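Here the structure is laid out as structure tokens; the discussion comes afterwards.
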Amino acid sequence: AMDPQKFSRKLWSARKQLILMLAPLLLLPLLFVVPPKEGKCLYVVLLMAVYWCTEALPLAVTAMLPVCLFPTMGILPSKKVCPQYFLETNFLFLSGLVMASAIEEWGLHRRIALKVLKIVGVKPAWLILGMMITSSFLSMWLSNTATTAMMLPIANAILESLFGNLETLKENCKDKSDPEGGWGEVHVSELLRDSIPLFRKEAEYQMKVWKGFLISIPYAASIGGTATLTGTAPNLILVGQLKSYFPECDLINFGSWFVFAFPLMLLFLILGWIWIAFLYGGLNTRLCISKHDEREAAEAKAKAVIDEDYKKLGPIKFAEGSITFFFIMFAILLFTRDPKFVTGWSVFFTKGYVSDAVTGVIIISILFFFPSQCPSLRWWFDSRASNTPYVPLLSWRKAQECVPWNIILLLGGGFAMAKGCEESGLAVWIGNHLQPLAQVPPAVAVILITAFIACFTEFASNTATIIIFLPVIAELAIRVNVNPLYFMIPATTGCSYAFMLPVSTPPNSIAFASGHLMVKDMVKTGFVMNILGILCVSLAMNTWGLHMFSLHTYPDWARPLNASSATVATHAMATMNMTG
């Protein structure tokens, strides 16, 4: 017989196959308990939720399940499901990704990062702030993962020049006075005995600063992604699902989202910085006076490393300048199209024709033909000039390699799922079951929703989390008679606040993979970060968010869709009450 331990190991190694086969069987009872059409849709939604949370199938493959299951189970015809996979929201996302690949191609992100670090200086607390500002700014435009992957090597180079080699540092942290430490029985002279604890304290302090650095980068990248619509996928899912559920609602676009989310990001970033700098010894600068001169020497060395790296980049090339120009154009055009508080440039076109997607695609199309070398007139008249091939700022091959197509499918899967929930009546059915929550005051509900989503997203991908919960949250808001945005916006920002586990987001995994962080470091830092994030979101929603999206009134765009279904529901409830 096999011993239990070996058997459990076997189970663990085959867990994905087991989940793939067992999940559909275990969910079967739903089809008989829940009303037929809603039940079928709930079955698919929960099956996708299980596959997404366990990653039994690759995320993008799970996202394609609606194409297989909605038509075959009679939930939605395939001609309604398939178009959901490339809505205009996906085009906006694609243009953001292509822009990012052009920035990465010409190394502009490195220049920005080093420039910021040159400005903030090399005192640990300020360096951490510099790292966080840079990471958050870059991840507004690049993907969070790319930002983290680029910032970590820079951070490591600076840290090595500040504190020397990491391995020696780890050695120095170990207690040298106990027998295991290696000093053993040797009678250390009095003088030495005093300096060892000092030496060790310094090493421990340096080790802490190192950890603070590494942990601040993925956190800042996750926070920064929330500030722009294209910064992270969940923001786009919010826009896409709003279009699907409330076609009349046009409150959220690139400009209006930025005005709301950017101040929120800044607030959270500063609070997060204070917490990380406090936890990892950046803020108390009066450590070991005797080491003062050495520390100054180390800081000078770190400054030299940053300057040296910046010098290596050389003067700004024509291509970098061009990308900078288009990047600024991209941001300004998206921002001023229809920013809600002033008239945007979209008034020059037929109303409702030009969207954010149009703007994005116009700019990125230019990147594929704009030259990367400065064009000169002389070349045409100079017979001896070499006929160098013409290189545009971005080649299609490069864009194809850099764009994470799986995320685009994932967005599509989310929109398809939302469509299914809406058409099958599942959203309304869930809403009816959320009736007890109507007693909770809306302001408290915001905190609870954000907290719940922030906890859930620690274990599942944030895109999958928001896809699963947004329809439910929208339906809840309608039931409670609250502006749907009042619940949907906090949920969307909350799902980017995955700070506690290495598996929560790819940036966390990258930082953790460097091998210097422990899970307990992340949990300890991340727990407080989550609380700070939840508080910041509820503050934003109840102050400037309230005025911007007029959240204190129940809007007209949320009415017509549910007029019919709500009356049906109340009618059904009445009949049930009479028969009951």
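Each residue, glycine too, has its Cβ placed from N, Cα and C.
Looking up the ranges 98-117, 318-337 in TrEMBL, the one annotated as transmembrane segment turns out to be 318-337.
Matching 25-44, 485-504, 525-544 against TrEMBL, the residues noted as transmembrane segment span 525-544.
Counting C-beta pairs under 8 angstroms (sequence separation of 6 or more), the transmembrane segment (123-142) reaches the transmembrane segment (257-281) with 3 or more such pairs.
By the Cβ criterion (under 8 Å, sequence separation of 6 or more), the transmembrane segment (440-473) is not in contact with the transmembrane segment (257-281), since fewer than 3 such pairs are found. Within the chain carrying the transmembrane segment (318-337), a Cβ under 8 angstroms from the stretch's Cβ atoms is held by residues 95, 99, 102-103, 106-108, 111, 141, 253-255, 258, 344-346, 354, 356, 359-360, 362-364, 366-367, 370, 372-374, 393, all 6 or more beyond its ends. When each of 49-73, 213-237, 257-281, 402-420 is checked for Cβ pairs under 8 Å to the transmembrane segment (525-544), 257-281 comes out on top.
The stretch from 213-237, 257-281, 402-420 that makes the most Cβ contacts under 8 Å with the transmembrane segment (49-73) is 402-420.
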